[in-house]
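Under the heading transmembrane segment, TrEMBL lists A:20-40, A:49-66, A:72-91, A:103-121, A:141-166, A:178-197, A:203-222, A:234-252, A:264-286.
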Amino acid sequence: MNGLWNSFSALASDPNLRWIALGCMLLGLSSGMIGCFAYLRRQSLMGDTIAHTALPGICVAFLLSGTKSLPLFMLGAVAAGIVGTLAIRIITARSRIKPDAAMGIVLSSFFGVGIVLLTMIQHSGDGSQSGLDKFLFGQAASMIGSDVQLMAGVSVVLAAACTLLFKEFKLLSFDPAFAKGAGFPVSVLDFILQALFVTAVVAGIQAVGVVLVAALLITPAVSARFWTERLGRMLALSGLFGMVSGLLGAWISSQVSQLPTGPVSVLAAAALFLVSVVFGTKRGLLTARLTRREARRRLLLHAAEAASSASASSSTSAKEAG
Amino acid sequence: MSSSERNEIGLEASPSEQGQGAGARPARRQEGAPPVLEVSGLSSAYRSQAVLREVSFEAPQGELIAIVGPNGAGKSTLIKTILGLNPSLGGSVRAFGRPVAEVRGRIGYVPQRESVDWDFPTHALDVVMMGRYGRLGWFRRPGRKEKAIAMECLRGVGMEAFAERQISQLSGGQQQRIFLARALAQEADLYFMDEPFAGVDAATEKAIVELLRRLRSEGKTVIVVHHDLATVPDYFDSVLLLNVSLQAFGPTAETFTQENLQRTYGGRMAFAAAAASPSAAESGSAAAAPLRAAEPASASAKGAEA
């Protein structure tokens, strides 16, 4: 126990570790909040698609600049992510292909291009290319101070935007036709939300990687839904789950050598999800079972009362009921 | 908000014209006053298929107006296109003498109940409060005042006891009432309602009709996509018969005639009957189908339409 505490205080005192933990927590907070809207708009798989489409953007940014710079990579990733989302939108609007198929096509073809470019870069013999493949699975522990600050800053902006536009995003998610009828510029709002979503995905790629980053967006949101029937509380809880996941990821990976921070964060989020599925106060399995049992008990009580009142008039029927 | 303003939205007013058929009362037409809604040459298409063709009409103020027509006639499309929710291929729409985009604050909308996910994490009062969002403007959150108005609107549809109820735990009729309360909260002068009577029980239907009459007594105009031909003369002052193009429009007493209904439903129904059973068409019983549709008072008209 003492060792645990020491390791935890090391997390708070070691400046590098502290930054990484703080960055992961803020990333979890903002991803969790934005993820709620994506989940409620049935765009859960969008995060995965955007993350995969971002890879060629990172590679192109490297090929064009020839340097390894996180802000440039993020720009490339955001650009590719937006191109990917637009591609999905155009495919679904102009053809009869459904969104799930469109996402599948865009995800795999963009990711294919990304892997081809990545392989080319790795075989080009350029010394500075090493580390680009880290974007596949992420490497939060190796992030330098300025990278973490960038990620944290972006996360704070995202969380603030979600808070500021809460009312608008809520209406957009629940009833876009009504929102438009009430005079809200629905396509602008939709674009803003998508852009925030792309930014959240890209902010997480460095830490968690292309393959797993979607988990940070969706898992906390789905978990939070088990505990509440209010959107505001759902956002707060989802953000909290995301923060706890980030903290656990940073902490556990700092204790066990060779454990990657991002994937451990994702596992922590998955563990919170399991707890929510079982114990969630609104929709958890345990709650559902208890509610059912209570309903059955009342039904039996009711039947027993009916039987006993019937026995007042006929004693033989009471024996059968008993 | 002053109490006189609240009266304006009709929540405390008593239903004045209950039980009176539209046919019994003269339609209020004010000569010279600009029509509440002016639609001219409105067209819309889904892919290459025309869904609306050159629809033109002028809605007078203070009337309950039904839009009636067979499935796929473009009834919902018409109100969505008027509201600018659907792209139009041509034509113009003016409300209160101005483009719709400029007067959104005076227009209320009740979408089809099925158009939203009722499993959304929110409660009844919160949905009604969404009717105030347009007036709040950007970034501002609804406060005490909006809550009070929303509560008042819930009371107006007899749902105040369900304010804190999660919306997935409401019945279909209750959900419909919530949508109506949300439209009331918009405090509009012109309302569009997309099938508010669909799948509701008799009690809810009665409550909705009372609400419509209350709105009318306040001088509001309500345009309703309606499915049940049998109740049209009872509920509505004017009727718009639609089948891709406008078939007829005017006061119910003059417009809701056998001839007009036959024109609106006739061809489609003869075709449907012939396609469903060729032998029946040959033997001539298909010819009886359009006649059934032309009897608005009979309950069978509703079934025949489907």
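Glycine is treated like the rest: Cβ placed from N, Cα and C.
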Residues from the same chain, set at least six apart from the ends of the transmembrane segment (A:234-252), whose C-beta lies under 8 A from its own: 7-8, 11, 17, 20-21, 23-33, 35-36, 140, 159, 162, 166, 216, 219-221, 223-225, 227-228, 259, 261-269, 272
Considering the transmembrane segment (A:141-166), which listed stretch of A:20-40, A:49-66, A:103-121, A:203-222 counts the most C-beta pairs under 8 Å: A:20-40
Interface check, the transmembrane segment (A:20-40) with the transmembrane segment (A:203-222), three or more C-beta pairs under 8 A: yes
Cβ contacts under 8 Å made by the transmembrane segment (A:203-222) with residues that lie 6+ beyond its boundaries: 23-24, 27-28, 30-32, 34-36, 38-39, 44-45, 47-48, 51-52, 54-55, 58, 70, 73-74, 77, 111, 114, 134-140, 143, 147, 151, 154-155, 158, 197, 234, 237-239, 241-242, 245, 261-263, 265-266, 269-270, 272-273, 276
